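Here Swiss-Prot flags D47, A48, E49, Y50, D51, S96, L97, E128, R151, E188, K306, K330 as NAD(+) binding site, drawing on sequence analysis. The active site, N6-AMP-lysine intermediate annotation in Swiss-Prot covers K130 and is backed by sequence analysis. Feature annotation from Swiss-Prot assigns Zn(2+) binding site to C435, C438, C453, C459; the stated evidence is sequence analysis. Summarising the annotation, Swiss-Prot assigns domain 'BRCT' to 637-714.
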Amino acid sequence: MTKAPKPAPDIATLTKAKAKVEAMRLRLEIERHNSAYYQHDAPTVSDAEYDALRRRLEAIEAKFPELVSASSPTQTVGAAPARGFAKVQHAVPMLSLGNAFADDEVTEFVERVQRFLRLDAVPSIVAEPKIDGLSLSLRYEHGELMRAATRGDGFTGEDVTANVRTIADIPTTLKAKTIPAACELRGEVYMLKQDFLALNKRQEEAGDTVFANPRNSAAGSLRQKDVAITASRPLKFFAYAWGEMSDYPMDEPTQFKMLGWLKQAGFVVNPEITLCTSVDDALAFYRRIGEQRAALPYDIDGVVYKVDRLDYQERLGFVSRSPRWAIAHKFAAEQATTVLEKIDIQVGRTGALTPVARLQPVTVGGVVVQNATLHNEDYIKGLGNDGSPLRDGVDIREGDTVVVQRAGDVIPQIVSVVLDKRPADATPYHFPHKCPVCGSHAAREEGEAVWRCTGALICPAQAVERLKHFVSRLAFDIDGLGEKQIVLFHERGWVKEPADIFTLQARNAALKLEDIEGYGETSVRNLFAAIDARRTIELHRLIFALGIRHVGEGNAKLLARHYGTLDAFLAAMRAAAEGQTEEGNTSEAYQDLDNIAGIGEVVAAAVVEFFAEPRNVAALDALLAELKDVLPAEQARRDTAVAGKTVVFTGSLTKFTRDEAKAAAERLGAKVAGSVSKKTDYVVAGADAGSKLTKAKDLGVAVLTEDEWLALIS
């Protein structure tokens, strides 16, 4: 039985060792939320919770600056671009903004600017509503739109040029009299509230997924692979900034003057933007916009203040992930009181059990709210993400009168309970330890707040994502069987678990795949041939394909090399699963698994949870019955010049593909890493190597060309 996480200790009492562990936990959690927000357009926590996580991490790193790393979320922006779009390097990074949550913090921001610039008077400040949408960068050359990219991680975004050309607010040709030879113009893609409601109504009527809020709908609409879908969505754009400028279109440019030029160039600029000459003016604008917020046709989550003079901006510069010359003043969440009628459990595509409050309908900030996220078991019990008391430790029960808020216009959540209205018969909520969809047992890892269904191979709620993973490039990699086909076959009930893929041909007399639009006898024959070709598979690919939590490609290879053969692996996993008790696992098989270099307790526990679920074992047995052979692991050599060394490949390689280089290095006993650190022994740099090469040089890591690498391993 997994224990609930202990409350996080006060930062002032942390030792360096404990601070390192806590910082790592916070980084992983923040990175998960970044990925959900930036890559999948599906925020998993409120702005307030996210900000609390960031502030705790920032406080730890401030106390222990030696723990700060370049990859920390406090030093980076957003999340890496998704794989479905071409990558675009921003000529000037698209950084995020620091946040202020109180008037005093805005005053402190202005005072910092004055001290830095050694000014006696407050500099002019541009105040603008903070649009809750998707940041976009538009590159124009000689006035013509050449490329559009999302923010991504701030340095590399996604190329969405074709989709952006369908947005009426974005000119394909600049109209201003004076136009720079090259410029990157930036702003926010958003959707009007009324358009969002109409879109969700159409989605619901069509049986399609509805969006949580206008920001999600705008981001999801822009990041469509089918341009026609983007064109059908009512997307808008406000321009408010720029990146690279070959030259400015005026003498002595300022932020406010440049906004006027953007209007001349053909962009829509928010008419609410105001030039302020004092802190009081800026705060008055904040309060006025806050009062008008519900009546505005678009969602905003605060106000952005920017120093007006561009020469001041240049002198102020940046700190890691944000500019010194701008700050976002966030709004307090909007709240209302209602009754929580029921708590339901939803199972996500990755198996997470998420509690949802079903509420008596109530209007919050002009929007009718009927559901609110309860996040996890601890949140219901009255514990925050760090284990500290939340809502003064008051739990949430069915029948309670609760205060609901829309934090940052994202996902409604319950922030407090009106205890004097609690029904006498209201009982504490008991979080289910079984999946409500498939009945498999649920597990909660130590240090995490989420319960997850362990029926990875058989749970209908997870089926599509698990099957996509099963056929992915690093797993079974079946030619002609990708995400689109998996979704189609699953929707028709033909493929529910991995073994079903290998019985398609035997069932085709009844299924008749060749009758599906886009298929024919030749394509079906090729598909069956590709499936048959994967009836023989390498052990590490099979392990990776199972989709066990925390078992990526690297850990799958570690497991395969340790056990060597399928029989040895299965025997050890079943023995370890049989040794699982509520008190822990002291079996010899589990101890052996836990002691594998690079595996550790978290991964070992996840593997055992997988094999402790009988339905997973049954699904795996059904799969193995369809396979011809599982090839033993190729053991890494220990007698080479790179055995035990950590290697990073970067840039465009010409003598081999990245996968070939990685496989060859691993066969020779090297560990291939994805990022450069002090522990890196070699960086093999191809053409156009970027930040990894720079970091390697800064750290004094040995840098090799492809030829030098080949000479080393020959």
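Cβ from N, Cα, C; glycine included.
Feature annotations (Swiss-Prot) mapped to structure.
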residue	record	CB count, 10 Å
E49	NAD(+) binding site	20
D51	NAD(+) binding site	16
L97	NAD(+) binding site	18
K130	active site, N6-AMP-lysine intermediate	21
R151	NAD(+) binding site	24
K306	NAD(+) binding site	22
C435	Zn(2+) binding site	25
C438	Zn(2+) binding site	19
C453	Zn(2+) binding site	26
C459	Zn(2+) binding site	23
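Using the Cβ center of C435, C438, C453, C459 for Zn(2+), the list of other same-chain residues with Cβ within 8 Å runs, in sequence order, V347, G351, P436, V437, G439, S440, A442, T454, G455, I458, P460, A461, Q462.
For the domain 'BRCT' (637-714), the predicted model reports an average pLDDT of 84. Here R151 (NAD(+) binding site) is compared against the recorded positions K130, C435, C438, C459, and the shortest C-alpha distance is to K130.
Here the candidates are the recorded positions E49, L97, K130. The one whose C-alpha lies nearest to that of C438 (Zn(2+) binding site) is E49. DSSP assigns K130 (active site, N6-AMP-lysine intermediate) to a strand in the three-state reduction. The separation of K306 (NAD(+) binding site) from C459 (Zn(2+) binding site), Cα to Cα, is 50 Å. In this structure the C-alpha atoms belonging to C435 (Zn(2+) binding site) and K306 (NAD(+) binding site) are separated by 49 Å.
Among the recorded positions listed (E49, D51, L97, K130, K306), E49 has its Cα nearest to the Cα of C453 (Zn(2+) binding site).
Rounded to a whole number, the C-alpha distance linking D51 (NAD(+) binding site) with the residue listed as 'active site, N6-AMP-lysine intermediate' is 16 angstrom.
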